[in-house]
Amino acid sequence: MAFKNQKDSQSNKRKRIPGATKGDDGGKFSPKKKLRTPSNNQPNKGFKKPFDSKAAGQSNKGFKKPFESKAAAGKPKYNKSDTSQDAPKTKRELRIQAKELAEARKKKRRPHYTLEQELALLWEKMRRRNIAKEDRSKLISDALRRMKGKIPEIAGSHVSCRVLQTCAKYCSKEEGNAVFEELRPHFLTLACNTYAVHLITKMLDNASKEQLAGFISSLHGHVASLLRHMVGSVVVEHAYQLGNATQKQALLMELYSTELQLFKDLVSLKERRLVDIISKLNLQKTSVIRHMSSVIQPILEKGIVDHSILHKALVEYLTVADKTSAADVIQHLSSALLVRMIHTKDGSKIGILCIKHGNAQERKKIIKGMKGHVSKIAQDRFGSMVLTCILSVVDDTRLIKKIIIRELQKVIKELIFDKNGRRPLLQLLHPNCSRYLSPDDLSLLDSSIPSLLIKGDLETEAEAEENVKSSEVEEDEDEVEVEEDEEENVKTVTGGKKDPLLRRRELLVDSGLAESLIDACCENAEELLRSNHGKEVLFEVVTGGADGILHPQLDEKLESLYETIASIVAIPKSKEEEEEKEHLLEDFHSSRTIRKLIIDCPSLASTLWKKAFKGNCKMWAQGHSAKVICAYLESSDSKVVKMAKQELQPLLDKGQEGNFSASSQSLRTRIFPVACLAVHNFSLSRFDLIENYTNKRSLSRESASF
């Protein structure tokens, strides 16, 4: 208690002014007296009278507070019933209030809001699958009647746009024409709208030829600006895909020059290539390059590179562009942008040109941009050609192993059966083979940019022309020299600096791709033999690839593959299996594949003979299997021919004697061309051999029927 009193006494002390102490002022001011505090010995005194609340109320009855106003004095007393107005609202009431407020704001902001709500209710009914056609047509007619005259205004709404798409899909021809005519003046505006663009594409899908031609003509002068727009470019691309060759050319030619963009009459030309158009219209090449650069550069900067019309324009641009312009395009596209372009024919050509003419750093960016997409690219029709070019040109095999080969190994079972996915594998096994690549594919791989092929400038050509004119007597010799100089200036793009065989070995054998490929062939040998596309991969693996690239590192793996194929072929025929599927020696694809393997792979031929054909030739010497047995006499290895000749010669002799049984006759007709070459050593041409072969088969058929 004493401590508490001391604390209270200390808090009641006045604050001292600094410098007011005796030592500071020389003793002029005396310190103030301290207040007396109750001693610890004296107890605290209580109140003299107890507090009475009633008495206090009576004593203060006539007392008025000095600051109490009249208004406060006349204020009504607090009532408990008023608390209901200020009570907090429930969550449900707050949601309802917010919804009503949002509805009111939408009505103010969108003038056709109530119409959109009505159309949404109709749309929920008309888009059902189990609705009758008559009911749906009534709902569509009702919706179009309500929208009549307001379609361009409400087409940009995400609700009414979906209603219009459903109406355009199921409406009658007359109703569709009415909607098309109402939207015709507003096509360019709606083409740039995020929601209306879907309605425009739907209308173009259902449009007639006249309507499509009118829409494409309305785009004249606006193609370049629409291609720069993220949404408008979709409409131009859709019209380009639906148009015929003339309409496609009309859309393309606007990107070539300002003259072609301004004057419609110049667009209708028969020439398709940009080089021919420049020579036909006498356009300045520099102005064309300048205009196309101003059109293409903003599109590439925005990343709108998915459309085929742009790919075609880029291919034409690279045919006339100078060195710096072509190098700028390659530098800009050497990134992940190229992955979005290689799904079209022209896009894959641009990708191949970027890989062939780009430097090591640009190639590295392109390959890194493919990370995670290699399997999809490999199974694409045109993307697989870009991968094929990378495996044939790029010298950085370490990067290719890390990104491309690693992803190919994960899906190798899918690739060997896929028509397009097998191309990169076949390119490593047998590069640039016309058996697996069409002439168009080979020309695509050989494509190049003219300006980047020529080393010298136009000055060398001018000097050559002056030399020709100076000596008129030796005109022919000068022309020959000029042609030789031009040939020296052109450098062929065959690939990188690394030896092609060494590159193939590093990518195929050293990376482990060949080993996983052989394992996949062992697991799916029967399916590959029966497959139309997989049999070619199996053939190249069994034969060891071109230049024997799989030998001798993988000889043990190949021997196990030979044993697997021989064991599958040696399975005897059964009636139950014949009903489900044919035997491998009688199947169309597998019989021809085995025949080719016997001719080109002696080690497999000897394994097959020991396991499958030895002692069973008479049974297999008919039907498609006769081609397989005949292949032993056509083999390039003399040991294989000698091994099979002892058993096949009696069958051949029976056919020559006239005992035309099914097996001997079939075998004789198969072996006849080879026997003629081996016994009589005739130097027959290919045409004579085929004619001889067909005549002999017709004669044998006649004798058999007789």
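For all residues, glycine too, the Cβ spot is worked out from N, Cα and C.
What TrEMBL lists as compositional bias 'Basic and acidic residues' is 1-11.
Taken from TrEMBL, the feature domain 'PUM-HD' covers 118-475.
Residues or ranges marked as repeat 'Pumilio' by TrEMBL: 182-217 (among others). Per-class residue totals from DSSP over the repeat 'Pumilio' (182-217), listed helix then strand then coil: 29 helix, 0 strand, 7 coil.
Taken from TrEMBL, the feature repeat 'Pumilio' applies to 218-254 (among others). Mean per-residue pLDDT, taken over the repeat 'Pumilio' (218-254), amounts to 93.
The repeat 'Pumilio' annotation in TrEMBL covers 369-406 (among others).
Taken from TrEMBL, the feature compositional bias 'Acidic residues' applies to 473-487.
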Number of helical, extended and coil residues in the repeat 'Pumilio' (369-406), per DSSP: 27 helix, 0 strand, 11 coil
